[in-house]
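Right, one structure below, let's go through it.
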Amino acid sequence: MSAAETPLLSVTNLKRHYDVRLPGGLFGTPATLKAVDGISFEIMKGKTLGLVGESGCGKSTTAKLVLGHIPVTAGEIRFDGEKVTANHNAQWRALRRRMQMIYQDPLGALDRRLSVADQIGEPIQIHAPETPKAERDERVASLMADVGLRRDMADRFPHELSGGQRQRVVIARALSLKPDLLVGDEPVSALDVSIQAQVLNLLDDLRQSTGFTALFISHDLKVVRQMSDRVAVMYLGRIVESGAPEEVFRRPQHPYTQALVSAIPTIRRSAVANRIVLKGDPPNPVNAPSGCPFHTRCPSAIAQCKSEVPALLETAGHKVACHLVNNAPAGAGIAAE
Amino acid sequence: MTLELNDPKSIAEDSGSGSVFTAKDRLTAFFETWPPLVLFALFWIAFSAFVVAFAPLIAPYDFMSMDLPSRLTPPVFFGGVWTHPLGTDELGRDVLSRLIISIRISVVIAFLSTLIAATLGVTLGFLAAYFRGRVEQLILILIDAQASMPFMIIALAVLAFLGNSLTLFVILMGFYGWERIARIARGLAISANEQGYATAVRDLGASPWRIYSRHILPNIASTLIVSMTLNFPEVILLESGLSFLGLGIQPPMTSLGNMVGYGRDYIQSAPWIMLAPSVAIVLTTLSISIVGDWMRDLFDPTLK
Amino acid sequence: MLRYTLLRILRALITVTLIVSLAFVILRLSGDPAIIILGPEAPPEAYAAFRTNWGLDQPIWIQYLKYFGAVSQGDLGNSMRDGRSALQVVGERVPLTLAITIPALFLKILIGLPAGICAALYRNTYIDRLIMTVSVMGFTVPSFVLGLVLALIFAVKLGWLPSGGSDTWQHAILPILTMGLIGAAVIARFTRSAMLEVLGQPYIRSASAKGLVWREVVTSHALPNAAIPTLTIVGFMVGSLVAGAVVVESVFSWPGVGRLLVTAVANRDLAVVQVILLFIGFTMVFANLTVDLLYGWVDPRLRTKQLQAGS
């Protein structure tokens with residue numbers, strides 16, 4: 001990664017809070033749900049960032065914030081140097097040409113009443129309505145070929161396709177305008193395991209052939225590992241660790257990442273033997289714990305963890321937000337391996 | 001509507017080729033899919049559609065031409081003659097011809113009015129769903145106000161103050177039932193927005209106009225058509241009520257309610273003048289209601 | 001509960017404002033209100049006085065406010081027919097209308113409620129089908145057709161009852177019967193679907209699973225719950241006690257408010273039309289408000305639902 005390269009997407013201190021009412025009292029007690037609570041990252045042109053974490057940690061909210069689908073509470077998102085807002089005006093709509101999303105549930109993301117070809121051609125109709133029909137059909141046909149859909153499926157409707165085929169339609173639709181940034185929110189988690197690999201390989205191939213920049217969000221470490229140049233681990237609305245995939249998965253520093261990694265079964269190591277089992281469920285983000293958000297479940301928490309929020313500090317491209325790691329002599333950590 | 005009539009035929013042909021079932025089973029199965037009442041209603045609707053389309057060609061006489069010597073001729077089988085199958089009225093006009101023209105006018109008015117109500121209702125419902133907040137509150141207040149006043153009274157007041165013309169009358173009838181369609185359209189659009197496809201299309205960069213007209217509207221069309229079908233007979237009842245009172249369609253034009261209104265003066269001497277259009281009103285509204293209910297159960301059991 | 005009540009009252013006030021505004025708008029759209037309200041043959045001083053009184057020489061929004069003032073004082077002009085106050089002309093017809101609509105309301109409930117409950121309890125049997133077929137007929141037969149057919153049978157053919165007028169109590173029978181039968185069809189249908197919905201609820205199934213006698217389940221669990229939606233439609237009928245008789249009064253020449261409205265519209269006696277419009281509007285809003293408050297009192301779920309809807 002050369003210093004001359006500019007990030008295509010840079011996110012600074014991003015926050016998204018929701019006002020909620022807890023049961024109790026006449027109309028409920030007002031409270032704040034901190035879905036995303038101050039995260040920062042950058043994605044260089046042509047690179048892929050993988051975001052992992054349990055459900056409810058704020059990954060999907062991050063995806064929607066980055067694309068300007070929902071407004072931010074605080075913080076800034078810059079795409080190619082320009083600020084991304086959630087005002088759904090003409091400018092926002094024009095920006096969709098350059099940033100697209102792949103959804104978790106492909107059936108829900110497709111209009112049941114449009115044929116496959118119409119779905120894939122719709123972005124062209126929206127953003128380049130002057131395109132002649134013949135040219136559009138041609139582009140749709142080549143996109144279908146690119147994502148591995150047979151030509152005769154053009155006239156089918158979403159409910160007549162398999163889950164994997166539907167996701168291919170969504171991918172083709174997202175790529176129809178050659179976007180610079182593609183955000184995948186759990187793009188394969190709704191698919192059968194055998195299909196997951198196919199779709200992941202397809203995405204990998206497409207990334208190499210078209211060179212889009214990507215943010216991939218998944219709860220599945222394997223998916224993120226296969227797809228990403230860098231990974232970031234999220235817990236309760238914060239990034240707790242980030243770095244190159246080999247670094248993070250081979251030598252996880254944060255106790256939470258260590259627990260996640262230990263849960264992956266491998267051939268060499270029996271998963272049961274060394275597995276770190278976390279106590280309890282993630283805390284309710286409405287009343288997130290003070291200090292380090294992980295201290296309630298952390299096997300090695302110390303007094304400082306309860307009061308002070310650990311900063312995300314970098315050592316040789318590997319960032320960790322943990323008092324135990326950052327206070328310890330450089331390199332020592334609490335490495336589990 | 002004639003299309004729907006074609007379907008039972010094709011089904012009958014299909015079941016004719018199946019050899020597993022006995023004739024009796026086939027008949028039972030057929031009537032389970034197509035209840036006799038629904039078949040009858042569809043038949044009457046198709047017949048009315050035919051009458052509406054070709055009224056001037058079918059009508060044996062000009063509906064306004066008077067024939068004083070043969071006035072108040074009773075219908076055939078009640079002492080009348082075949083030249084006037086449904087008899088003649090007090091001016092010797094042919095009741096059958098007037099009935100045919102009346103069906104045409106009443107159905108066309110109800111159709112146009114329902115279209116106006118649907119357009120108005122869908123537009124306001126979508127605006128409420130799109131803007132939410134204050135615009136939605138305002139539209140909900142309008143819906144409430146409209147629903148809390150008997151429409152007949154509003155219609156009478158407007159007719160009293162603004163006078164009567166055919167255009168005004170059709171527009172006025174178009175205000176009947178918009179609030180129900182608006183409520184349904186708003187609810188469906190809000191739930192469509194919560195489903196993925198509308199959000200996904202928005203995220204592709206589609207304009208709100210495109211989202212609502214190309215995506216949400218086609219997706220909710222079947223429910224809207226059912227509720228329009230249920231609005232239709234009510235407009236016919238309203239129109240015929242106002243025309244019966246002499247405040248709707250004005251002579252020399254004629255409509256079903258109008259015929260009943262003028263025929264009531266002859267209820268003792270020539271009840272057929274009033275009964276013929278009454279039967280036509282009841283058959284038409286009954287048929288459309290039956291088909292509407294049947295379609296609702298078939299396509300959309302959630303709508304009540 | 002207080003919040004709910006206040007919200008409902010606020011909404012009723014908004015509806016009343018809308019109705020008065022509607023009257024103002026169509027009044028202004030139709031031409032010079034002085035001529036419309038006073039009639040074309042009033043003396044010039046009367047026009048001048050009316051114009052000053054209603055502020056017709058002032059900006060439109062002041063006229064609008066003055067109109068509200070006039071409405072609140074009942075100063076609504078005179079009937080063109082005999083020059084008496086329009087309010088008085090309408091007022092003296094109200095008892096005649098109530099004389100047929102109140103008995104008709106009782107008839108509707110007496111027939112409709114048991115029929116609807118019966119249809120629901122014997123769902124999908126011949127009893128249900130018979131009741132529902134008759135009920136659908138009630139929806140689709142216009143009241144003037146039913147009225148004329150009843151008149152044809154009982155007055156013309158059998159000669160048992162008079163066909164029009166208001167001289168004796170026998171004259172009231174056919175109008176009451178017409179309105180009662182049609183309204184009963186509406187109530188029966190509403191009651192049936194309300195009952196069916198309640199009978200499908202888990203608490204009813206669990207009540208009968210607990211071993212309660214079916215009769216007890218129906219009377220102590222199903223009926224009270226099914227009564228709630230039925231109350232709305234009955235409330236609407238109470239509200240339209242004055243409005244609902246327009247057609248039927250005309251069929252039987254019964255000299256009530258409805259008949260007055262029809263003749264006033266035909267003669268363009270606009271002061272009278274205006275009074276009837278406002279009068280009916282106010283009674284409807286008041287009836288709806290009462291029903292909604294009762295409703296909220298009977299069914300606490302509804303209060304919260306309405307609050308959450310933000311209305």
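Note that Cβ sites are derived from N, Cα and C of the backbone, with glycine treated the same way.
TrEMBL: automatically predicted annotations, no manual curation.
Among the features that TrEMBL reports, domain 'ABC transmembrane type-1' is placed at C:94-295.
Residues 64, 67-68, 71, 270, 274, 277-278, 281-282, 285-286, 288-289 of the same chain lie 6+ residues outside the transmembrane segment (C:12-31) yet bring a C-beta within less than 8 angstroms of a C-beta in it. Annotation source TrEMBL lists transmembrane segment at C:12-31 (among others).
Positions annotated as transmembrane segment by TrEMBL: C:96-122 (among others).
Sequence annotations record features per position, and here TrEMBL assigns transmembrane segment to C:134-156 (among others).
TrEMBL lists C:168-188 (among others) with the feature transmembrane segment. Long-range contacts of the transmembrane segment (C:168-188) within the same chain, counting only residues at least 6 positions beyond its ends with a Cβ under 8 Å from a Cβ of the stretch, are 99-101, 103-105, 107-113, 115-116, 119, 131-132, 134-139, 141, 143, 146-147, 150-151, 154-155, 161-162, 230, 233-234, 237, 244-245, 248-249, 251-252, 254.
For C:231-252 (among others), the entry in TrEMBL reads transmembrane segment. Sequence-distant contacts of the transmembrane segment (C:231-252), counting only residues of its own chain at least 6 positions beyond either end whose CB sits under 8 Å from a CB of the stretch, comprise 94, 97-98, 100-102, 105, 108-109, 142-144, 147-148, 151, 163-165, 171, 174-175, 178-179, 183, 186-187, 190, 258-259, 261-262, 279-280, 283-288, 290-291, 294-295, 298.
Look at TrEMBL and you will find C:272-298 (among others) tagged as transmembrane segment. Listed by sequence, the residues of this chain that lie at least six past the ends of the transmembrane segment (C:272-298) yet keep a Cβ under 8 A from its Cβ atoms are 1, 4-5, 8-9, 12, 15-16, 19-20, 22-23, 27, 37, 71, 76-77, 79-81, 86-87, 89-90, 227-228, 231-232, 234-236, 238-243, 257, 260-261, 264-265, 306.
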Notebook entry, point to check: Sequence-remote contacts (6 or more beyond its ends) of the transmembrane segment (C:96-122), Cβ cut-off under 8 Å?
Noted result: 128, 131-132, 135, 166, 172, 175-177, 179-181, 183-196, 199, 218, 223, 226, 230, 234, 237-238, 241-242, 244-245, 248-249, 254-258
